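K.L.:
Copying in the features that TrEMBL gives for the protein in this structure:
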type    : residues                                       : note
BINDING : Ser114, Gly115, Ser116, Leu117, Glu135, Asp181 : S-adenosyl-L-methionine binding site
Amino acid sequence: MSFLEYEKTIKEGDTVIIFLGHESMFPVKVQDGGKTQTKYGVIRHSTDLIGKQYGSKVTCSKGGWVYVLHPTPELWTLNLPHRTQILYSTDISLITMMLELKPGSVVCESGTGSGSLSHAIIRTIAPTGHLYTVEFHQQRAEKATEEFREHKVDHLVTVKNQDVCKNGFGVTGVADAVFLDIPSPWEAIGHAKEALKCEGGRICSFSPCIEQVQRTCLALQEHGFTEINTSEILLRVYNVKTISLQIPDLGRAAEDDFTAASDRGTQTDQDAPCATNPQQGTVQFKSGVPLRDMVGHTGYLTFATKSLF
């Protein structure tokens, strides 16, 4: 099993996603003779998983069933073991686009954390790119290295355990893009500039506080970066539902127009975008209404370009 290449059949040692519902799923490492307990009963790895195809519907011991999914960076983001706060797909998608990542890109990242962004970057830059990721905490660096090896992407990533603000990324003039997710990104701007290619490149810094953004932008200006801008993503979910409104009384002419339009209509109430009920004087139609509670601030994304001059 590899996060980069889809495989049809589940094998021992694979990491699979057990899908109980959109709000309930978790990763499992498949082992011969292993068992996994769910609210629907036990899943026996030897008989229920090994040899089955990804996407299979598996019946548990209590009669309930689950789906077994092939892992992707998006699913891993939702199910990974949290060692730190992580970036989610909403921010990751903008980072990938604004850093102009593509197959073959070389990227420097700090810090690695739980590896959410790292997996997304590796999938984007494969098969010929490379990720240099720096993690200050030794145990987190070791765990990330282990996960990359298990997910068979270790040939595309180099994990280093060091302080990027003091020691940099360990590479010079090779990166197309740099990403910083550290408490004091302004202290690493000089090292990020050294890591970027001489012909230029893009940099992104993620910070939860606006004071961090201000100091980072000043450091970017001091080191000659251009096109400095900061974005914030707020995800707004809409609830689509049917609502009813009264038909306004616009006089006889409006009533005649309404009757003529009804005679010409050929759509059924189910097919039409709105349904009328003349007897009750109301009209029904679909409407999108934003939810009362909205996911709040996650962080600020500051982007800049290394100047050629």
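Cβ from N, Cα, C; glycine included.
Note that the structure is predicted; figures quoted are calculated from it, not measured.
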K.L.:
Other than its own, how many Cβ atoms are within 10 Å of the Cβ belonging to Asp181 (S-adenosyl-L-methionine binding site)?
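P.N.:
Summing over all protein chains shown, Asp181 (S-adenosyl-L-methionine binding site) has 22 other Cβ atoms within 10 Å.
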K.L.:
Take the Cβ of Glu135 (S-adenosyl-L-methionine binding site) and count every other Cβ within 10 Å, whichever protein chain it belongs to.
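P.N.:
Taking all protein chains shown, Glu135 (S-adenosyl-L-methionine binding site) has 27 Cβ neighbours within 10 Å.
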K.L.:
What whole-number distance in angstrom separates the two most remote CA atoms of the S-adenosyl-L-methionine-binding residues Ser114, Gly115, Ser116, Leu117, Glu135, Asp181?
P.N.:
13
K.L.:
Does Ser116 (S-adenosyl-L-methionine binding site) have same-chain partners at least 6 apart in sequence with Cβ under 8 Å from its own Cβ, and which are they?
P.N.:
Pro73, Trp76, Thr77, Leu80, Ile86, Leu87, Tyr88, Ile92
K.L.:
Cβ within 8 Å of the S-adenosyl-L-methionine site centroid (Ser114, Gly115, Ser116, Leu117, Glu135, Asp181 excluded): which residues?
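P.N.:
Other same-chain residues with Cβ inside the cutoff are Thr84, Ile86, Leu87, Glu109, Gly111, Thr112, Gly113, Ser118, Thr133, Ala144.
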K.L.:
Pick out which of the binding-site residues Ser114, Gly115, Leu117 has the most other Cβ atoms within 10 Å of its own Cβ.
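P.N.:
Comparing the binding-site residues Ser114, Gly115, Leu117, the most crowded Cβ belongs to Gly115.
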